[in-house]
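> Input: one structure, supplied below.
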Amino acid sequence: MKRTNVGVSVRGSVLPPPVLYSAVGKNLEEKQGPFENTVLDVPEGTPVPYPIYQADFTSKLVNNFRLSGEGKDDIQISKDGWLYLERALDWSQDDHYIIKVEALADDEVVEGPVYVTINVLDVNNRAPYFNQTEYTAMVREQKAAGVPFTRVFGLDQDDPDTPNARLRYSLVSQIPMKQQILLFKINPITGEISTTEEGEQMLKAREGIQYGRNEDQSIDALKAKFNDYCPGQHTPYEENPFFTCVERAGRCQAVSDPDYTLFVRVQDMEGQSESALSGNTRVNIVVQQNLWVKPRPIHIDENLQVAYPLNIVQSNDPDAIYTLVQKEKELKFPFQIAENGSIFLTEMLDREDKDMYILVVMAKDESGEEVDPPMEIHVLVQDLNDNAPVCENAETVFELQENEPIGSLVGNLTAHDADEAGTLNAQITYSIMSQNPPTTPMVFSIDAASGRIQALSSLQRKQQQVYHLNVQASDPVFSTECKVVVKVIDVNNELPLFEKTDYGNYTLAEDTPVGHTVTTISATDADDPDSGSAFIEFHISAGNNGDVFAVETDGNGVGQLVIARPLDFELSSTYKLQIDARNKEPLLKGLEYGSESTAFVSVSVTNIDEAPEFAVDIMEVTVPENITKGSVILTVEAKDPEGKEIRFKLDGDTHGWLEIDAATGAIKTKGHLDREVAENPEMSTEHALSVRLLDVNDNVPKLTENQAFVCIGKPKPVILKAQDADSSPFSQPFKFTLAINKKSPNWELITVDGTTAKLILKKKTTEEKTFSLPINIKDSAGLGVTQPFEVKVCNCTELGYCYLAPEDRSFSYGLGPTVGILAGTLGFCTIKQINKDNKKKKTRAAEEETNAMM
C-alpha cells in the first residue's frame, strides 16, 4: 500500500494535503505491481491545474492512458501518468468521484484497469446564516427566567459531520440596555431565547387598551374604546396625539415599534476558532402585560350569608380559556370558574370542616396549549365565633392530700374550643361559679387563663372529704360549665409492701410469645383505700435491657409480669429484674421507700433454632424485557439468628430466565425475557420480587417494627417508623399508604414527617380483634414494597398494656414469608409458581379476609 501527501494552498490558506492510499477494488483481480486501485482525499477548492496522483506502471510499452467514469470532465491524466484537476472540486456539488484508469500502448490496453476513488474534503468556505433576517417575538412581564419564549435557527451548508457546520449562538447586543443590564439570554446550542433573572423582574409593558377574549381589535373598535374613555373629542383621530399614542402602544403597531431589539450572531467551528465564519440576525421583542398574576390568599368568612354563587376573584387574560382543577381530592369542592377567569364560590363554608382550599387554575388557548403555567390560589376560611367551649371530661376528679401547704396545686382543668386557635374566638377564660359545700372565703382559686386550680388553705380530711366545684369556661360569646370534684385524701404515711422480695427464677423459651405472663406479683398498702396514697404502681427499675418485660396492674396491688417485646437469646440470655412498688401520691415528708418495697425476678432464656429471615417479606422487581443477559436485578438479603450459613435457591422460573447465586442471593438474568410470554393468559407466575430498579436505588424503606397494639378504652395513634439504607435522593422522605383497594372505614394512615407516619383507629370498638394491615412505603424515587403490620385491638390495663389472661397469651406477630429459607448446608430459599386458578382462589380468599378486617 502506497501513501502520498501533497501540500496544497487554496485562496491564501494552506489546505490539508491530498491523502493517498491504495487498495484492491471489489471483484477485481489483485495486482502484485504498483499499478493498483487507489483512494485519494482531496480538499475542495484545490487550485487548478494541480497534479494529485501519478500512476506507476511496469510495462515499457505504455505511451498513453484512458480515463472513464465519474468526473472525467473535471479530472484529466497526462501522457506520463499524472492525474490532475482540470477544474476546482466543490464538496457541495459532489463529495466523491470514481474514475477508471487504463494504461495503453497506442490504443491497446496493456495494464489495468484500476479504479481511483477521489473523496472531496469539505473546506470551511460557507458562512452560516439564519433562516430569517429578522424575527419577532412576544414576551410577558415576569416571564420566568430561563424559560424560552422564542428561538432562532441557524443553517450551514458545510459538511454536517465536521466542525465546519457545528454552530454556536451568542447575543451581540440588546437595544436599549439601560445600566448595562442584560434582560435576555440565548442558549448557545439551541438558539432558544429567554429572560435573565433581571429580565424577569424588570420587564415592563407599555400602557395600552386591553381587549377581552374574542373581542374585536380592529381600528374601529379602538376608536370606540377611545370615545368611551375620552368623550367629547372633536379632533380627527389621525391628528389627535392622544389617539395616535394609544394606537402606537396597541398590539397592531407593537411589531413595527418593538420594546427591545436583540442582535444575535451564529458562528461555525463551534465559535472556538479565530477563522470561524459567522452570520447575524435581529430579534424584535414586544413586552406584553402579564394579566396572569397570582392573587394574594383570598379570605372568606365562614357561614357567610350572601347570595351564591359569589364572585371571589377575576382573571382576564384575553388569550386564555380558564379551567379549575381541585388539587386536594375532597368530596366537597364548592368552587366554579367561568371561561373568562371569574371564580365563584357556590355555597357557604365552615372553617371547622376545612380551613383552607387550594385551587389550581389552568389557562389554555383555543388549541389546548398552555398560555401560562398553572397557578395556585389559596382560599382561607375566616373563623367566626360559632363554637362554645367544651369540657375535656364530663366530670374532672382531682385528689389532694390533707395538710398540704397553702397554694398547693390541685390540678389543671382543660376545656377546648373548636374555633381557630390563637384567636380571641378560641381564647378560654376560667372562673369558679360555685363551691359545695360553700365556705367563706372559698378554699380554691383558678387561674383564668390556664385553668390551674390551687388550694387557698391547708385542707383537713376530718373536716371535709369531698368538694364539688362548678367552673365556667368562656370565650367572648359562649360559655360552658365544667364539673370538678376535689377529694381530700389521707396523708401517704404507709409504704407499699411486697408479699415477698424474691420471686425466684423462671425459664422461658426464646419463642415465647409477646404478652405471655411470667409471674404474678402482689403488694399491700395500709393507707386509705381508693385513694392515691393506697394506689400501687409497679416499675421495673433495673435489669430490663431492651424493655423486654413490663408489669401490668390495675393499681390494687396485683401485677402481672409480662413479655412486652420478643425475646432474643442472642441478645440476652438472662435477666435479673428489680421491681419497685410506688404510690401515686408523694410520701409523707421524711418517709422514704425501703427494701421492703422492692422485689426481684430472675428470667433465663433458652435458645431456639430459629428459621432464617428475609430482610423484607415481599419483593417485586420491574425490569425491561430487553435487559442485558447476566444483569443483576436484585440481591435477596436474609440472615440466620444463630449465625449459621445460609444458601439460596430459586424455584418457579418455568421459562428459565433467572438464576440465583446460592451464596450471595444475587438474582441475575440468564435468558431473553419476553413480556408477551410472561403474560400468557393461561398461566401466571407469582414472583416474590416487588422492587422497582431505578439507577442505584437498591434498597427499599423498611418498617423498624411490624407489630403494635391499640387500647379499646383509650385508642392512641400507632407511630410507624421506616428506614432506608440508601442515601439521598433515593431515601427519605417516605410516602406511607394503606395498600387496599378502597378507603378503609376503620383505619387512617397519616404521614408525620419524612420517616414516620401515624396509624389511627377511626371507629371505636368493644371487641378485641387482631388486624393485619398492608402498609406500602415508598422512598423519594418511588421505590417501595408493601409490608404487613399487625395491630391488636385489646382491653388494656391502667399502664396501657394489653390485658391477656395467662392461658390466652399466645398472640404472635408476623405473616409467613413468601420466600422460605432453611439454615445450614441444606438451606435454600424458594420462589414458587402457582397455577392461575389456585392463585385466583387464594387471592379471593385473602381479599375477603382483608376486607372483613379493614
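Heads up, the Cβ atoms here are built off N, Cα and C, so glycines get one too.
Taken from TrEMBL, the feature domain 'Cadherin' covers 41-130, 131-197, 301-391, 392-498, 507-614, 615-735.
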> The domain 'Cadherin' (615-735): mean pLDDT?
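A mean pLDDT of 75 is what the predicted model shows over the domain 'Cadherin' (615-735).
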> Give the residue counts of the domain 'Cadherin' (301-391) per reduced DSSP state, in the order helix, strand, coil.
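Helix, strand, coil within the domain 'Cadherin' (301-391): 0 helix, 41 strand, 50 coil.
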> For the domain 'Cadherin' (507-614), how many residues does DSSP put in helix, in strand and in coil?
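Counts, helix then strand then coil: 6 helix, 50 strand, 52 coil.
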> Could you give me three numbers for the domain 'Cadherin' (41-130), the DSSP helix, strand and coil residue counts?
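Per DSSP, the residues of the domain 'Cadherin' (41-130) fall into 0 helix, 47 strand, 43 coil.
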> When secondary structure is assigned with DSSP, how many helix, strand and coil residues does the domain 'Cadherin' (392-498) contain?
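Across the domain 'Cadherin' (392-498), the residues distribute as 3 helix, 50 strand, 54 coil.
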